[in-house]
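**Student:** Mind having a look at this structure? Questions to follow.
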Amino acid sequence: MACARPLISVYSEKGESSGKNVTLPAVFKAPIRPDIVNFVHTNLRKNNRQPYAVSELAGHQTSAESWGTGRAVARIPRVRGGGTHRSGQGAFGNMCRGGRMFAPTKTWRRWHRRVNTTQKRYAICSALAASALPALVMSKGHRIEEVPELPLVVEDKVEGYKKTKEAVLLLKKLKAWNDIKKVYASQRMRAGKGKMRNRRRIQRRGPCIIYNEDNGIIKAFRNIPGITLLNVSKLNILKLAPGGHVGRFCIWTESAFRKLDELYGTWRKAASLKSNYNLPMHKMINTDLSRILKSPEIQRALRAPRKKIHRRVLKKNPLKNLRIMLKLNPYAKTMRRNTILRQARNHKLRVDKAAAAAAALQAKSDEKAAVAGKKPVVGKKGKKAAVGVKKQKKPLVGKKAAATKKPAPEKKPAEKKPTTEEKKPAA
């Protein structure tokens, strides 16, 4: 497949090049704006909607009145009467069973949307330009791998076809039948309630046949699934960009292809079939930004780059980070050193003072021991021995001694052992 520029080959009904060429219309070089296409498609699609609404009486066809307050139930209106489950049930409210919906739909909603004519034409130009790019057409899902050329133009003889078998043979010769087979394979049942509303089956989109005059071409192609037929004078954005996505596979007749310049004009000449209409211009003629920015005209107007780089320094707390503190206050190192030395000096003084006090205490204890006539105890062992000596208790005198004195145990009289003579029984 080729994307031909600026001449397009015209293909015969046998699928071969007829030898004729057509100049590529300027509309195929128009800017592709998917945002505009999507906006126009969304708004125009709303014009096919049929108004719908719920009945104005729905949910209100019962007699109900609120019970008021003081009954320990909600104040919603309740059905009158008795003898049935319905009596006493809530009514009217959107939270009630059998009540009306919230904000009942009305038929006087603003169903339709008006779109500017120039904007609609811009969308059609974008859709036509996208249909000539193989990448966009293939991304849409069309099977055009074997198609000889894009845009695909055929002879005007095709407009005179009246039989479907002729149309099928043409599509097979043009290698476009793969796209129809894709449609056949995609036919399936719709999911959801559309099945109940005469929309049971769905399928993919196939090629779009664009013609100039209907000499039977509609009857020949209309029964092939997925085919869409359009008159070149009545192009529709809903058909050229289904779903609001550009890239529809289009097959043109020669006369319809030649008529595009008259319909949409070029950038040098206005459209002859539309009043005061010119093709939309590109925002940028050259889209190679690197080439534009490096051009001498742009570089001459630019200032020289600033080589100095200002790096953001991470803010650190000088009270926790000594290196940052020394940057801010170099004397902090001296202060810190003096503090450490002062603490060491004070610690040494406390240790010396404690040692002197211990020596004085030891000397005092030695003097007392010498006065008592005891050998002075020296060292830790002596201290432990001195500590370990038990104090002798003073003897108790008087009533306390009598109370605390234990009674002496009574001695049993000693039994005499019998002698041998006593042991002998009497004769």
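Quick reminder: no glycine exception, Cβ is built from N, Cα and C everywhere.
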**Student:** Out of K14, K411, K423, which one does Swiss-Prot list as N6-acetyllysine?
**Tutor:** K14
**Student:** Out of S12, S55, S275, S365, which one does Swiss-Prot list as phosphoserine?
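**Tutor:** S365, according to Swiss-Prot.
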**Student:** Expressed to the nearest Å, what is the distance separating K239 (SUMO2 cross-link) and K259 (N6-acetyllysine) at their Cα atoms?
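**Tutor:** Cα-Cα distance, K239 (SUMO2 cross-link) to K259 (N6-acetyllysine): 19 Å.
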**Student:** Within 10 Å of the Cβ of K364 (N6-acetyllysine), how many other Cβ atoms can be counted across all chains shown?
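**Tutor:** The answer is 10.
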**Student:** What Cα-Cα separation, expressed in whole Å, is found between T266 (phosphothreonine) and K259 (N6-acetyllysine)?
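**Tutor:** It is 12 Å, counting Cα to Cα.
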**Student:** Using only C-alpha positions, which one of R97, K106, K327, K353, K364 is spatially nearest S295 (phosphoserine)? These are the recorded positions in the record.
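**Tutor:** Result for S295 (phosphoserine): the nearest of the recorded positions is K327.
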**Student:** Report the nearest neighbour of R97 (omega-N-methylarginine) in space among the modified residues K106, K259, S290, K333, S365, comparing Cα positions.
**Tutor:** K106
**Student:** If you count other Cβ atoms within 10 Å of each one's Cβ, which of the recorded positions R97, K106, K239, K333 has the most?
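**Tutor:** Highest number of other Cβ atoms within 10 Å: K239.
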**Student:** Measure from the Cα of K364 (N6-acetyllysine) to the Cα of every one of the modified residues K106, K259, R300, K353, then give the nearest.
**Tutor:** K353
